[in-house]
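Q: There's a structure below that I have some questions on.
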Amino acid sequence: MSHSLISRRTLLKTSAAGAAFGAAGLPFSLRPARAASATIGFIYVGPKDDYGYNQAHAEGAKVLKGMSGVTVVEEENVPESVDVQKTMESMINLDDATLVFPTSFGYFDPHMLAMCKKFPDVQFRHCGGLWHKDKHPANAGSYFGYIAMGQYLNGVVAGHATKSKKIGFVAAKPIPQVLNNVNSFLLGARSVDPSITCQVIFTGEWSLAVKEAEATNALVDQGADVITCHVDGPKVVVQTAANRGAFVCGYHASQAPLAPEKYLTGAEWNWATVYEMYAKHLLAGEPLPNFTRGGLADGFVKMSPLGPGVSDAGRKQFEATLAEIKKGGYAVIKGPLKDNKGKEIAAAGKAFPETAIELESTGFLVEGVQGSTS
Amino acid sequence: MADVTASDVPAPLAPPRLAAALAFTARRAEGIVIPLGALVAGMAAFSVFLLLLGKSPAQFFELMWRGGFGSWFSIQNALLRATPLLLAALCVALPARLGLTVIGGEGAIVLGGVAAAAFGHALSGLPYPVVILAMGLAAMAAGGLWIGAVGALRHYRAVNETISSLLMAYIAIALMNQLVEGPLRDPASLNKPSTHPLDAAYRIGPMPGMDVHWGLAVGIVACVACWVLIDKTRWGFAARVAGGNVRAAQIQGLAVGPLIVGFCALAGALAGLAGMFEVAAVQGSANASLAAGYGYAGILVAFLARQSPLGCIPVAFLLGGIAAAGGLIQRRMGLPDATILVLQGMLFIVVLMSDTLYGRFKIFNPDRWARA
Amino acid sequence: MENDIGLWGVPLAVLGGAIRVSTPFIFVSLGEAITERSGRINLGLEGTLVFGAMAAYAVAVETGSPWLGVLAAMVAGSGFGLLHGWICSFPRVNDIAVGIALMLFGMGLAFFFGKPYIQPSAPNLPAIPLGDWSSIPQVRAALNVNALFVIGAALALFLWWAFKNTKLGLIVRVVGDSADSARAMGLSPTTVRLFATAAGSALAAVGGAYLSLYYPGSWNERISSGQGLMAVALVIFARWNPLGCFAAALLFGGAGALGPALQSVGVTQGYYLFYAAPYILTLVIMIATSSPGRQLAGAPGELSITK
């Protein structure tokens, strides 16, 4: 389940904020009353219909638009600079937003932290799991999902679909979140056939259409026949791979409509779960959890429906693995395991489930991944 | 006023002092009235665009005013966004005096930022002024070398500066990424590779009484200093001569080579300084966010200001205000963020077209007042 | 594995990349060559390219025909060109600055009207399978050449010939080299430049159509990574020679494919620097081939950027 760490201080503070809220409607109420309405701000780093990271968040925000009492304000294409600070400030000053979701990873430090200090009565929740109660303000917080498990399931399906025993991964940058996804994708495939290898190509940018297409072509040229990716908008990778006749596994959001025949499945965010939870707390005048994480079992992450390219055996193993993961405690990174330079990562018997803190600083690619972290 | 009765002998219209004052005002007024008129015309054109889409121009400009200029918060927002544009624009305006079109200031900004971050971290522990000075000098050196090289290539190898500066901007960004993810990376910067963060003690804070960092003051001072350099010193004069005609300048005995390299290096140094402020006052470390496009926005500012360093100040403020209001317009009117780009493009086009009007109105030319 | 081509993948990728990636550069630089040969510079082709990409995609989505999309891009592109040419026909208006303004305007309009077309899929332009003789799928893929690439190559050849041997080519060159002698010949430099800019912009927009309708073959706001701006620079690099533009575009595209290809065979260190290869290569060649003695041989005399 989600791990909610609510410090006492936050609790007091949010209640106070709730009271201030309620005061508008019920001026003489003594206890924190229900806030009649609230404005919630969403900030995206790219276009909110990018078939990827930003779309996943915007789909979550869209659910809130349907909730009574909630006003959603959104801004897209906001760079990780003073722009985002001023956007938050503008949402608070001019739109009366009391809860802000800056959704891009790079918004946290220093931008969101600066705003937290400036507006102690406003709540900020950031996507990415960076918040720490000893280091960061109490009106800030983090939410994130264990999506690497989704990439593991992608790998399981890919392992059944690959004929060349080589699968490919188009990645933006060699950072822990991306490396966990690459490792999980290969290990998922290796759970089907341990001889499978995965080639990774880093494009160096979160969004760079031509380079993503070139990387996909290079992977297919080297024999990879199932491709997945971790870039902001997977549209180009999915279309290019499908055009070359390779199968694809999606990421961030469902790209199935782009390549219905070649799309096997995909690891999708399901942010509506998180945003609804926050909005309900906010409307009820209750404190918001500072730190929320969850995976497939908690509805933070979901899998796209399996496509026509998935074999019966693939479907069976996918469903069995998914059921196993939902029970909790499932570990993808478990010993004996070496990295692709031959160094031992986990001795026999040692396992790192998705919640393991060590996975947040992953700096290795597991044995069988062709590529380098620097 | 322009319709003065024809007469062969220019007759004094008013007592000499008043006439002189009028003439003075008229000459100066041209440079203000024409661009302002153009801005109004541009807004009118944009209003037509909005009307065609069924949106309300009144609401648009009301929000633009509120978001960008109408309150102390909005003004600070505009000023903060204008800050990096000032120094970036000088990187275009200075070489322009020599007839060079440098469009790669972005490269100097990112390298300046990286240099500042590296020095700021390495010198941690030394007194505040020393570290800040060292960071500033390192950033200026990095930016100065980069654009200075563009000038040197231009003069000594006849490599076109427009292309070389653009190519070098792309190379600089690649270099920055390589350094930030390689040798200069802070191992603790896990999911957003960055250099070691600058110690909190060495951050550049806001100016007193406002929420805008000192980069604004430095930018304005730099604009004024560049204006003095170009308009009031012999180097500036020499640069203008060389910008007009290199051969004529050489015949006059001007050292054109050092002049070109020097102006380019200074331009790059100022852009590098913009990178230093991004690191020390905004980001706290150098990372990929440094390449935020300020260098390219600076080109726009410089051309809109007709390459005048002083003109860069109001233009940067105007563009900063438009950018500041962009978010509000996106949220309130449901217009895409690109609306601001369309508006900027329209304003820019009309202002440039107005260049053709200079010298056409008699009212601004006292010498012609008396003649028909 | 029977289709494992190992290290041969690198030259193959460079070849394939040269063909795939170069086409927008070919069209934009050929277009700009026409404009600059007439003595005017249009720095705004990046905006035209992006708008062309959007217009082509939108029309292809609406009509189901990618070729109608290309046509729409050409019409829109020539519109931007006419606007540029018209504004620059006023005295004292700076053509470089107008280009930058139009870059902004074109991109703004493209993003503005392109929003509803980010999600739908458009039919792609067809490819010509020139590699069918080979049994190796990678070779077949690399030589799967889009019709626009072939048209671009033919156009480069044609323009090279036409500048030298046709009356129209001569007119453009005379106007570009000296407005005074053009006027003496009874030509109107303004009109010639207006149409040269329109033609150049129409071609640049076709480059955009290639991006959105073939490779990478989708429309979004990040579809261009500065191809239009870079291609304008390549014209000066190619010394205003259409064949040079073609070669420069191929070189640039091929160098761009180097980064991903090297990673795919295991060369992974310093990939940012490999990605900068096209820029570094172009700069090095420019430095090597320039010398202070002959200042930009072949430059049109009226061009503001080389004066």
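The backbone N, Cα and C atoms fix where each Cβ goes, glycine too.
Keep in mind that TrEMBL annotations are predicted by a computer and have not been checked by a curator.
So TrEMBL says this about it:
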TRANSMEM  C:6-31  transmembrane segment
TRANSMEM  C:43-61  transmembrane segment
TRANSMEM  C:67-89  transmembrane segment
TRANSMEM  C:96-114  transmembrane segment
TRANSMEM  C:141-163  transmembrane segment
TRANSMEM  C:192-211  transmembrane segment
TRANSMEM  C:231-258  transmembrane segment
TRANSMEM  C:270-288  transmembrane segment
Q: Establish whether the number of Cβ pairs under 8 Å between the transmembrane segment (C:6-31) and the transmembrane segment (C:270-288) reaches at least three, counting only pairs separated by 6 or more residues.
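A: They are not in contact.
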Q: Is it true that the transmembrane segment (C:231-258) and the transmembrane segment (C:141-163) have 3 or more CB pairs under 8 Å, sequence gap of 6 or more?
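A: Result for the transmembrane segment (C:231-258) with the transmembrane segment (C:141-163) is yes.
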Q: Output the single range from C:67-89, C:96-114, C:141-163, C:270-288 maximising the number of Cβ pairs under 8 Å to the transmembrane segment (C:192-211).
A: C:67-89
Q: Under an 8 Å Cβ to Cβ limit, what residues of the same chain, 6 or more beyond the ends of the transmembrane segment (C:67-89), are close to it?
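A: 35, 40, 42, 44, 47-48, 51-53, 55-60, 95, 98-99, 102, 106, 122, 125, 148, 190, 193-206, 208-209, 212-213.
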